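Presented below is the structure to which this report refers.
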Amino acid sequence: MERTFVIVKPDGVQRGLVGEIMARLERRGLRLAAAKFMAVSQEMAETHYSIHKGKPFYDGLIAYITSAPVMAMVWEGVNAVAAVRQTMGATHPTEAAPGSVRHDFGLEVGRNITHASDSVENGEKETALWFKPEELVNWQRDLDRWIFE
Ligand code: IDP
Ligand code: MG
């Protein structure tokens, strides 16, 4: 089953949106595989966002993601990567589709509430960075046959 890595970023946690965001993913039919409420170390932040190193917003991004705890999660399902990116919406909240998390709760790209992996390969890489293998739960949900064809 395809897996994707998701973060409710510090602004989402501070604003009390963890439950709302998890509820949207559950309701969509995605299945939770791992979750961890945690502080983000400087080292973790720099590894996770290494592709953005050197960009003008990089220092602000590292400060943002380490500024308060986050909820780190792995969600799985058919087309999980694309489905979660769609539920979160475009990077810039003012370009995010109505009904998406970033549209419904955000105004600025530097406070856009969530992270979600942008490819299956990055989903696997990011899951391995943030979670130990034994933290991933393999389980069957009784509803699965009504959601996955
Ligand atoms: P994504 O989170 O939608 O995948 P990326 O382009 O990978 O977007 O950028 C990572 C994160 O960096 C964004 O979610 C956002 O928090 C931040 N970011 C991206 N572009 C800007 C910018 O122009 N100004 C400030 N922050 C930005
Ligand atoms: Mg990205």
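Glycine too: its Cβ is placed from the backbone N, Cα and C atoms.
Listed features, source TrEMBL:
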DOMAIN    1-138  domain 'Nucleoside diphosphate kinase-like'
BINDING   K9, F57, R85, T91, R102, N112  ATP binding site
ACT_SITE  H115  active site, pros-phosphohistidine intermediate
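Known features from TrEMBL, placed on the structure.
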residue: K9; record: ATP binding site; contacts (Cβ under 8 Å, 6+ apart): Y64, I65, V70, N112, I113, T114, H115
residue: F57; record: ATP binding site; contacts (Cβ under 8 Å, 6+ apart): V109, G110
residue: R85; record: ATP binding site; contacts (Cβ under 8 Å, 6+ apart): A116, S117, D118
residue: T91; record: ATP binding site; contacts (Cβ under 8 Å, 6+ apart): R102, V109, N112
R102 (ATP binding site) in three-state DSSP notation: helix
Annotated recorded positions K9, R85, R102, N112, H115, filtered by Cβ under 6 Å to ligand 1: N112, H115
Sparsest Cβ surroundings (other CB atoms within 10 Å) among the recorded positions R102, N112, H115: H115
Residues K9, F57, R85, T91, R102, N112 [recorded ATP binders]: greatest CA to CA distance in Å: 21
DSSP residue counts for the domain 'Nucleoside diphosphate kinase-like' (1-138), split into helix, strand and coil: 68 helix, 24 strand, 46 coil
